[in-house]
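What Swiss-Prot records for this protein:
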BINDING   Y14, H34, K108, A141, R258, L282, E284  NADPH binding site
BINDING   K108, G137, T139, K193, D247, S257, R258, N259  sn-glycerol 3-phosphate binding site
ACT_SITE  K193  active site, proton acceptor
Amino acid sequence: MEKFSVTVIGAGVYGTAIAVAIAKHGNMVLLWGHNSQHIKILKIDRSNQVDLPGVFFPDSLYVEESLSVAADFSQNILIAVPSHVFRCVLLKLRLNLKNNFRIIIASKGLEPKTGWLLQDVVYDVLGKEVPCAVISGPTFAHELAIGLPAAIELASADIKFRYDIEHLLYSVKNLRVYKTTDVIGVQIAGAVKNVIAIGVGISDGMGFGANARAALITRGLSEMIRLGKSIGAISVDVFVGLAGLGDLVLTCTDDQSRNRRFGMLLGQGMHVDYAQKSIGQLIEGISNTKEVYMLSVKYKVIMPITEQIYKILYENKNVHEAVYSLIRRSYIL
């Protein structure tokens with residue numbers, strides 16, 4: 001089987017996991033992170049014991065502190081950093097990139113303040129001629145790293161690039177790749193699912209049971225579809241596929257999800273600030289909620305679940321009042 005090379009930008013839990021998964025099958029992978037002390041520990045331990053205990057690096061996985069070396073390693077640059085630092089990382093990367101590079105976005109969410117899709121941030125910083133792809137889907141990092149079966153969605157309008165990345169990912173054992181050209185839909189799905197997961201967590205934390213959970217997931221999917229179609233998603237297909245429904249169900253129902261656990265703490269009566277501290281890791285859904293809500297206002301999309309979660313997080317609304325507002329709202333949709 002043909003071997004590939006890729007540079008992974010972002011040495012957190014997901015970046016490390018996908019680097020391990022790709023390198024495990026003989027592909028040449030270089031992992032870069034911004035925290036030099038963290039990178040030194042990864043080099044020494046040949047593992048990320050903080051985020052992925054017990055998962056060790058294959059011989060074909062290299063760890064690097066120099067962004068210049070990382071950028072020069074491969075034309076395929078996979079970015080797996082939080083959405084709020086995405087632009088900053090691209091700006092640093094731009095100073096080191098050579099010709100013919102290609103960007104794979106593994107980050108999920110929207111850019112804070114602008115609400116831009118991350119692909120649009122790539123085009124804004126690196127130019128619209130850059131080949132760009134997005135990967136998304138129900139893939140918890142630890143399961144991906146240890147090689148449990150999973151499926152992922154690959155989106156790109158660049159057919160040649162999509163073909164190359166499909167074959168790179170195809171080399172990963174137990175990973176099934178599905179293709180789409182709906183780049184907008186995949187990115188919107190990746191942001192909205194985090195918001196709904198907080199809502200489902202709140203419901204479960206309040207002890208509302210399986211019926212309420214199923215209702216929130218279903219109506220959350222409707223909100224995802226409405227927003228996606230308003231912004232320019234090609235069809236409903238991607239939302240009922242892996243990047244949409246698949247990732248939504250995973251994030252809403254499994255306690256590996258930080259967004260779900262955060263919501264559960266809110267539902268149990270914990271204040272937003274204390275719940276964040278209790279989780280102890282970045283919760284993408286908090287910033288995603290603000291950006292998704294602002295997009296819903298901008299495009300005049302009715303998203304009642306998102307609206308109530310926004311009010312809980314940013315307007316200090318009581319969770320019980322938010323639930324009552326949802327139950328008693330008019331039957332518009």
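Each residue, glycine too, has its Cβ placed from N, Cα and C.
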Annotated sn-glycerol 3-phosphate contacts K108, G137, T139, K193, D247, S257, R258, N259, maximal Cα-Cα distance (Å, integer):
16
Those binding-site residues of Y14, H34, K108, R258, L282, E284 having Cα within 10 angstroms of T139 (sn-glycerol 3-phosphate binding site):
Y14
Which of these binding-site residues is closest to L282 (NADPH binding site) if you go by CA atoms: G137, K193, D247, N259?
N259
Ranked by the number of other Cβ atoms within 10 Å of their own Cβ, which of the binding-site residues K108, K193 ranks first?
K193
Tell me, by DSSP, whether R258 (NADPH binding site) is helix, strand or coil?
helix
When distances run from the Cα of N259 (sn-glycerol 3-phosphate binding site) to each of the binding-site residues Y14, H34, K108, A141, E284, the nearest one:
E284
For Y14 (NADPH binding site), which of the binding-site residues G137, K193, D247 has the nearest Cα in space?
G137
Who sits close to G137 (sn-glycerol 3-phosphate binding site): which same-chain residues at least 6 apart have their Cβ under 8 Å from its Cβ?
A150, A151, I152, E153, Y178, L242, A243, G246, D247
Between E284 (NADPH binding site) and K193 (sn-glycerol 3-phosphate binding site), what C-alpha distance do you get in Å?
10
